[in-house]
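A.B. asks: Here it is, the structure in full.
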Amino acid sequence: MTIALGKVDEKRGWFDNVDDWLKRDRFVFVGWSGILLFPCAYFALGGWLTGTTFVSSWYTHGLASSYLEGCNFLTSAVSTPSNSMAHSLLLLWGPEAQGDFTRWCQLGGLWTFVALHGAFGLIGFMLRQFEIARAVQIRPYNAIAFSAPIAVFVSVFLIYPLGQSGWFFAPSFGVAGIFRFILFFQGFHNWTLNPFHMMGVAGVLGAALLCAIHGATVENTLFEDGDGSNTFRAFNPTQAEETYSMVTANRFWSQIFGVAFSNKRWLHFFMLFVPVTGLWMSALGVVGLALNLRAYDFVSQEIRAAEDPEFETFYTKNILLNEGIRAWMAAQDQPHENLVFPEEVLPRGNAL
């Protein structure tokens, strides 16, 4: 009697074949995440380039916004739909455009197209980092870190306008359009006095400081592996052994501050933690603004400033500035409201 030992070949289905093709070793890895990433990134970028080049915002904001109309890179934009569109997805085949591409562009359909494809493209890029990290068997902290800018994008471009009356109040996709949105945030929400914004600023600027300090310290403590060594010579950038002296760096900062990071793991975790936490906090703050939650309101100072013309603080001055932003910005920025402000209600300094 003969006994045959071996593994029975399982029948491979279409899913296995697709999985093999997606994960094949090639110059640009595709993967399952690529099914989401590449089309969405292509459409988001293509929609933005199309809008900034050819499409006017005259019907939504009363503005010229394309290169074709004379705008430059800083002033062109893909503008948000008008407030009358509310939160409509503005699908090309929807009841608003009814398949008319020109009408769809006039209504602001490119903005929802770019915003939604952009959001899913960013999510696809994060999933790509997860997928490749799993394939090469490393931890997924790159993907976790990238969740921070995704949180900011989604909160600013999607959640905030969803909390307001329509997509109109989201930022337009353009440099000057983003600046307009920042002024709007300050005037209508006093955003710079919001503690979540403060944490975001601390995270971003703190991360820049940490990055500069870390880079400088590594360059300062590179091992000299040959004659005439400097930052760019006498060591191999692909060498397997240690490139710089952590002990020397630790001694240096111990003398500077009295404390220093004791190991590279804690040092690099801190460099990851600071910016990611800051961006996540600012995203949470924007979610609060979507619900019109207030920041710090020092009402007692406002009451005293109203009663005493000689009493003024930097806070009361900022409140006046915010009132000015609202009064002068709203009439132009929200033409659909037909706002008209008589001279006597426009804000003036306490001493005037």
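Including glycine, each Cβ sits where the backbone N, Cα and C put it.
Feature list, courtesy of Swiss-Prot:
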{"type": "BINDING", "residues": "Q129, N142", "note": "pheophytin a binding site"}
{"type": "BINDING", "residues": "H197", "note": "chlorophyll a PD2 binding site"}
{"type": "BINDING", "residues": "H214, F261", "note": "plastoquinone binding site"}
{"type": "BINDING", "residues": "H214, H268", "note": "Fe cation binding site"}
{"type": "MOD_RES", "residues": "T2", "note": "phosphothreonine"}
{"type": "TRANSMEM", "residues": "40-60", "note": "transmembrane segment"}
{"type": "TRANSMEM", "residues": "124-140", "note": "transmembrane segment"}
{"type": "TRANSMEM", "residues": "152-165", "note": "transmembrane segment"}
{"type": "TRANSMEM", "residues": "207-227", "note": "transmembrane segment"}
{"type": "TRANSMEM", "residues": "278-294", "note": "transmembrane segment"}
A.B. asks: At a C-beta cut-off of under 8 Å, are there same-chain residues at least 6 beyond the transmembrane segment (124-140) that contact it? List them, or none.
C.D. replies: 23, 29, 31-34, 36-38, 40-41, 146-147, 150
A.B. asks: Short question: most Cβ pairs under 8 Å with the transmembrane segment (152-165), which of 40-60, 207-227, 278-294?
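C.D. replies: That would be 278-294.
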A.B. asks: Between the binding-site residues Q129, N142, H197, H268, which lies closest to H214 (plastoquinone binding site), Cα to Cα?
C.D. replies: H268
A.B. asks: Mind telling me which of the binding-site residues H197, H214, H268 has the densest Cβ neighbourhood, counting other Cβ atoms within 10 Å?
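C.D. replies: Top count of Cβ atoms within 10 Å goes to H197.
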A.B. asks: For F261 (plastoquinone binding site), which of the binding-site residues Q129, N142, H268 has the nearest Cα in space?
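C.D. replies: Closest recorded candidate to F261 (plastoquinone binding site) by Cα: H268.
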A.B. asks: State the count of C-beta atoms found within 10 angstroms of the C-beta of Q129 (pheophytin a binding site), not counting that atom itself.
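C.D. replies: A count of 18.
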